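For reference, the structure discussed in these notes is given below.
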Amino acid sequence: MLAMQHYNSSGVTATFPLSNQTPTMQASVVEAVACNATGSANNPTAAGLSMTLGILFNVVALIILAKAYSRYRRRSKATFLLFASSLVATDLAGHVIPGALVLRRYSVHTEGSTVDPVSRFQGDPDNPDASCLFLGSCMVFFGLCPLFLGCAMAAERCLGITKPLLHARLVTTARTKMALALIWLLALCVALLPNFSLGAYTYQFPWTWCFIKVVEGTTATDLAFVMVFSGLALSSLASAFVCNTISGITLIRARLKKKKSCSHRSSTGSQDTEMVVQLVGIMVTSCICWSPLLVFALMSASRSYSGMSGSERDTYRGLMVTGVRMATCNQILDPWVYILLRRAVLRKIYRITKRRASFKGSTFRSVRWDISSFQNSEKSSVQNI
């Protein structure tokens, strides 16, 4: 999923009227377009840097979660940490496996010197090879898994906050691991649907990454496959939003009740707040990164199935490029949710903000005191005169 971060920024192939040109001019125009589409693909530095940063961030987040899990192994937070660790591990795998495939294509492109420069790196959309099918399956699998896991985490926390006794009775470590296996199995089944003649994977513009056939030659099965993929993903985001909203409202009400009764805040309440804040961060990141690709895929498949013009095809190609670029950012941003939105970090931010606010307040009060004392001294001097 790193491939689309390194191609021309327009994302749309330039079109030229070829009917009035000589064969030599046509060949030069086609060569110019091909070089424009693959010009920035010659340098694997950006892909390697993006992959390295993603691996580093996910490993740091895994270490933080592993330490927290060993500390809260027998508490209610252990289930959340198990889900979170699985999510980060899935993001790490989704960054390494497709990234390694992209870097391999870079190496093949660099090593081949006798083959045409376009065909060395770009694939044939009419005849996708095994690597394309594998990359397309990875796009679907590693796209659905984080969204499914985020939804499961939100539902688990919603149950734990609203019905703690029922949560303690139903949610166990063994059942959590079983739920994780079912989530991965469901995502894998969806990714393998093209093997059962429901949809197909093919090279996408600029023919260097693979996804569901949504722009050209879209059939009814391709449209159904896109609807299944996008429908499941968007439903997961919507379910996570509902669960996080219920959890947040419940925590706010509990906090207000404790303030009215002048009771001290428990450590369990602060842990619940921390987990809900992290879930909201995951949800917002997933919505921003994945929603464009899901919506653009639905729009493109629908228009392609009903028939689209050449200008529309170029527009949807550019939209798909933009969507997949944003989706690749999700695996890099997710670890920062656990790195930054921890209780220790949030407390430091709160203390710094509180100190600055108190400093400004004390400065304002001192200025008012100086003005009032000056006015009083003026009044006393006038009375003496």
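Heads up, the Cβ atoms here are built off N, Cα and C, so glycines get one too.
TrEMBL entries are annotated by machine, without manual review.
Among the features that TrEMBL reports, transmembrane segment is placed at 46-66 (among others).
Sequence annotations record features per position, and here TrEMBL assigns domain 'G-protein coupled receptors family 1 profile' to 57-338. Averaged over the domain 'G-protein coupled receptors family 1 profile' (57-338), the predicted model reaches a pLDDT of 82.
Sequence annotations record features per position, and here TrEMBL assigns transmembrane segment to 78-97 (among others).
Residues 1, 80, 83-84, 86-87, 90-91, 93-94, 97-98, 101, 179-180, 183-184, 186-188, 190-192, 194, 201-202, 209-212, 229, 232-233, 236-237, 239-240, 243-244, 247, 279, 282-283, 286, 290, 293, 324, 327, 330-331, 334 of the same chain, all 6+ positions outside the transmembrane segment (133-155), place their C-beta atoms under 8 angstroms from a C-beta of that stretch. Annotation comment: TrEMBL describes 133-155 (among others) as transmembrane segment.
Within the chain carrying the transmembrane segment (179-203), a Cβ under 8 angstroms from the stretch's Cβ atoms is held by residues 82-83, 86, 90, 122-126, 128, 132-133, 135-138, 140-141, 144-145, 148-149, 152, 209-213, 219, 221-222, 224-226, 228-229, 232, all 6 or more beyond its ends. Sequence annotations record features per position, and here TrEMBL assigns transmembrane segment to 179-203 (among others).
Summarising the annotation, TrEMBL assigns transmembrane segment to 223-254 (among others).
What TrEMBL records for 275-299 (among others) is transmembrane segment.
Annotation source TrEMBL lists transmembrane segment at 319-341 (among others).
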- So which of 78-97, 223-254, 275-299 is most in touch with the transmembrane segment (319-341), counting Cβ pairs under 8 Å? 275-299
- Message: Within the same chain, where does the transmembrane segment (275-299) have neighbours whose Cβ lies under 8 angstroms from its own Cβ atoms, ignoring anything closer than 6 residues to its ends? I mean 6 or more beyond.
- Response: 77, 80, 84, 87, 143, 146-147, 150, 153-154, 157, 161, 211-212, 214, 226-227, 229-230, 233-234, 237, 240-241, 244, 247-248, 251, 316, 319-320, 322-324, 326-327, 329-330, 333-334, 337-338, 341, 346
